[in-house]
């Protein structure tokens with residue numbers, strides 16, 4: 001693991017950091033008060049709360065790229081919206097259901113696609129900045145493996161929640177009667193991660209800067 005710090009090229013500005021933090025905190029507070037099910041709300045948004053705390057704790061030593069920060073806030077808002085209304089009842093999901101003509105509320109599908117799309121850039125940034133790994137096939141493989149590993153772990157969390165809370169965890173599981181829900185969740189995570197690497201890698205490289213990419 002790298003023992004020296006190499007500054008990234010494009011971190012968010014100070015005003016951006018305050019904006020992104022404020023939007024996330026405001027959304028968390030508002031969602032708490034309108035949450036239909038507080039247990040579901042907590043299980044869904046705990047990731048956003050922990051992530052926000054970790055970033056704030058490490059920021060002075062390890063700032064993140066502007067791209068990654070905006071993506072993480074977008075992901076947090078998807079989680080918070082799902083946590084507030086439960087994934088099967090999200091207004092945003094009903095709108096997508098009408099637009100796409102699907103039989104079920106697709107907000108949970110969007111959430112699992114985002115579970116690959118955003119963590120792919122997070123994993124890519126951590127691997128390039130904290131390990132000797134450079135761009136290439138191994139980087140792509142490890143990023144995809146990391147995203148799928150987290151997706152599988154999240155499915156285990158859903159299973160444990162079902163065992164512990166029984167019917168009270170139904171809103172958290174949000175299967176909506178689909179027997180292949182777990183497989184869809186992981187497949188969409190993989191699709192999101194692949195899409196992210198294809199669309200955002202060059203943009204991410206520019207924000208990381210030559211120093212990070214070459215390790216010098």
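Any Cβ shown, glycine's included, is placed from N, Cα and C.
If you look up TrEMBL, you'll see 18-35 (among others) marked as transmembrane segment. Here the transmembrane segment (18-35) has Cβ contacts under 8 Å with residues 12, 41, 45, 48-49, 52, 56, 69-70, 73, 76-77, 80-81, 83-85 of the same chain, all six or more residues outside its ends.
Residues or ranges marked as transmembrane segment by TrEMBL: 41-60 (among others). Counting residues 6+ beyond its ends, the transmembrane segment (41-60) has Cβ neighbours under 8 Å at 17, 21, 24-25, 28, 31-32, 35, 72, 75-76, 79-80, 82-84, 87, 161, 172 in the same chain.
Long-range contacts of the transmembrane segment (67-90) within its own chain (CB-CB distance under 8 A, at least 6 residues past either end) are made by residues 10-12, 16-17, 20, 23-24, 27-28, 30-31, 34-37, 40-45, 47-48, 51-52, 55, 104-105, 107-108, 110-111, 114-115, 117-118, 121-122, 125, 171-172, 174, 176, 200, 203-204, 207. What TrEMBL lists as transmembrane segment is 67-90 (among others).
Under 8 Å from some Cβ of the transmembrane segment (110-127) lie the Cβ atoms of residues 64-65, 67-68, 71-72, 74-75, 78-79, 82, 87, 93, 96, 133, 139, 142-144, 146-148, 150-151, 154, 184-186, 188-197, 200-201, 204, 208, all in the same chain and six or more residues away from its ends. Summarising the annotation, TrEMBL assigns transmembrane segment to 110-127 (among others).
Summarising the annotation, TrEMBL assigns transmembrane segment to 139-162 (among others).
Per TrEMBL, transmembrane segment is recorded for 182-200 (among others). Outside the transmembrane segment (182-200) by six or more residues, the chain places 67, 108-109, 112-121, 124, 140, 143-144, 147-148, 150-152, 154-155, 158 with a CB less than 8 A from a CB of the stretch.
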